[in-house]
Structures are given as C-alpha cells and as structure tokens.
Amino acid sequence: MSRKAGKLVVGNWKLHGSLAGNEALLGDLLASPVLSAPGVTAAVCVPFPYLAQCQARLSGQVLGFGAQDVSAHVNGAFTGEVAAQMIAEFGAKFVIVGHSERRAYHGETDASVAAKTLRVLDAGMTPIVCIGETLAEREAGETTAVVTRQLETVLAALTLEQAAKIVVAYEPVWAIGTGKTATSAQAQEVHAHLRSLLRAKGEAVVDVAVLYGGSVKPDNAAELFSMADVDGGLIGGAALKAADFLAICEAGLSR
Ligand code: 13P
C-alpha cells in the first residue's frame, strides 16, 4: 500500500475487547471528524470473533478493519486455524502478520510469515508485515542484520506487483508495551534502511508504507510521524482508548 495516500494509523487491539466495549469504542471513533479528514487512513485489527461486529458497524465507514493473524494454509485439517479467505469474507482490509508476539510465543518464523503474507495477498487484503529486533539484538549491534533478514525473506517470496501491495511495520520488540519508545532518530534510521531494501526490490515497491510501532502515544506521535520515512503507526495500548487513538490519528494529519 502506497505511502502517497498519507499516514496510515492502525490499532492492534491484541487480546482485548468485548462486544459491549467494542461497540462503545467504535462509536466514539466514528463520531470524530478526524477520521474523515484527508491525509490519514485509520483501521483497527481485532480478535477474530469481532470481525462480524466490525463488518456490521464499519461497512461503508471511514474506519477500516482487519485481523491480527492468519493461517499459512488455504484450508484443510488445521484445527483452530483461520484462513485468509474467511477473514476477507467479512470485508476486512488488513491482516497483521509476523507480529513479534506471534514470533515469540507461537513459533512463527520468517518463512511462515512469508507464507502468511502470500495468503493475505491472494485473498485480496493488505498484509501488515511486522519486523523488529529484540533488546539483546540491538545491544549486540544486530538491528540492521535482523530487520534485513526478516524483510528480505518476505520480499523474496513476492512478485514486484505483490510487494507493492504490502505494508511494513517496524516494531522494535523492546519498545512494545514498555512505554519505552524508539527515538524518532532511531526509528528513522531503521526506516531509511527498510526503504533502501524496498528500493532494491524494485522502483514499484519504494513507496510501500512503513509504519512504526512500539509505545506510540498522543505525546510522541507527531514527532515520530514527522520523520521522512515514517508513514504512520501500529498502535497497541493507546488504540484501546478512543481519545488517544484519535489524537494519534490527528498527529498524522499535518505530517
Ligand atoms: P504498544 O503500542 O502497546 O507498545 O504495542 C505496540 C504493538 O505491538 C502494536 O502492534
């Protein structure tokens, strides 16, 4: 997905929500004029059982929605898995793949993330491919090597046309849920490197949106979004409060 459309702000609800709570949160988000302003696109990625609620509540609205994971398989004997085509049937536009919590707790590998990315594209949705280094990797000076390996494995599995349709999210693991955000300079340094990897894949891919995630809050969003290669944010905790999520979207408006 091209960064030329403006900033993209996506809420990752993780393992949070209830039918009543979601109803209130989505209602508050839709009531705001911020989401209709040109220059920012917003979406929420919700637990699978809430896709139907999002379909009912968000069809035809300015707020997009999606899922947080997908099966690497199309169908078959894979108990508990959810296929991309099933998610697409609800009108979802986005699927997060390769989130660091899936990599850490569910054994996801670069190869499975690449397979999932293909399933999402085949189903006509936009994969938000998450990459990022751990604190130990950063301290060992391995940040560039890690994010290069993670992104290149996915890009190698895609045609140019497919690669142009993805979104990349750089989420340093040490900044997730810790309140410890990367400085805007740290984020920009990695984002500029990711941009060079996208350019190396082909000119058609250079404008793929690269989001930053990891303790993005209303008070640091504008600074992060002002960086040349930061095209929006993937928001965890702050996406659960309408006022905070809207303030972050607003910070994307003028950048
Ligand atoms: P926090 O914004 O809570 O740090 O989470 C970031 C994240 O993991 C988004 O996918």
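Any Cβ shown, glycine's included, is placed from N, Cα and C.
A quick note: this is a predicted structure, and the numbers were derived from the prediction, not measured.
As recorded in TrEMBL:
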- His99: active site, electrophile (ACT_SITE)
- Glu171: active site, proton acceptor (ACT_SITE)
- Asn12, Trp13, Lys14, Gly177, Ser215, Gly236, Gly237: substrate binding site (BINDING)
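Projection of TrEMBL feature records onto the structure.
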residue : record                       : Cβ contacts under 8 Å, 6 or more apart
Asn12   : substrate binding site       : Cys45, Gln68, Ile96, His99, Gly213, Leu234, Ile235, Gly236, Ala239
Trp13   : substrate binding site       : Val44, Cys45, Val46, Pro47, Gln68, Ala239, Leu240
Lys14   : substrate binding site       : Gln68, Glu101, Gly236
Glu171  : active site, proton acceptor : His99, Ser100, Cys130, Ile131, Gly132, Tyr212, Gly213, Gly214, Leu234
Gly177  : substrate binding site       : Ser215, Gly236, Gly237
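Within the set of binding-site residues Asn12, Trp13, Lys14, Asn12 have a CB atom less than 6 Å from some atom of ligand 1. DSSP gives Asn12 (substrate binding site) a strand state. Summarising the environment of Ser215 (substrate binding site), the number of other Cβ atoms within 10 Å of its Cβ, over all protein chains shown, is 21.
Look at Gly237 (substrate binding site): DSSP puts it in a helix. Neighbour counts of Cβ atoms within 10 Å were compared across the binding-site residues Gly236, Gly237; the minimum falls on Gly237. Pairwise Cα distances among Asn12, Trp13, Lys14, Gly177, Ser215, Gly236, Gly237, the recorded substrate-binding residues, top out at 14 Å. Of all Cβ atoms in the shown protein chains, 28 besides its own fall within 10 Å of the Cβ of the residue listed as 'active site, electrophile'.
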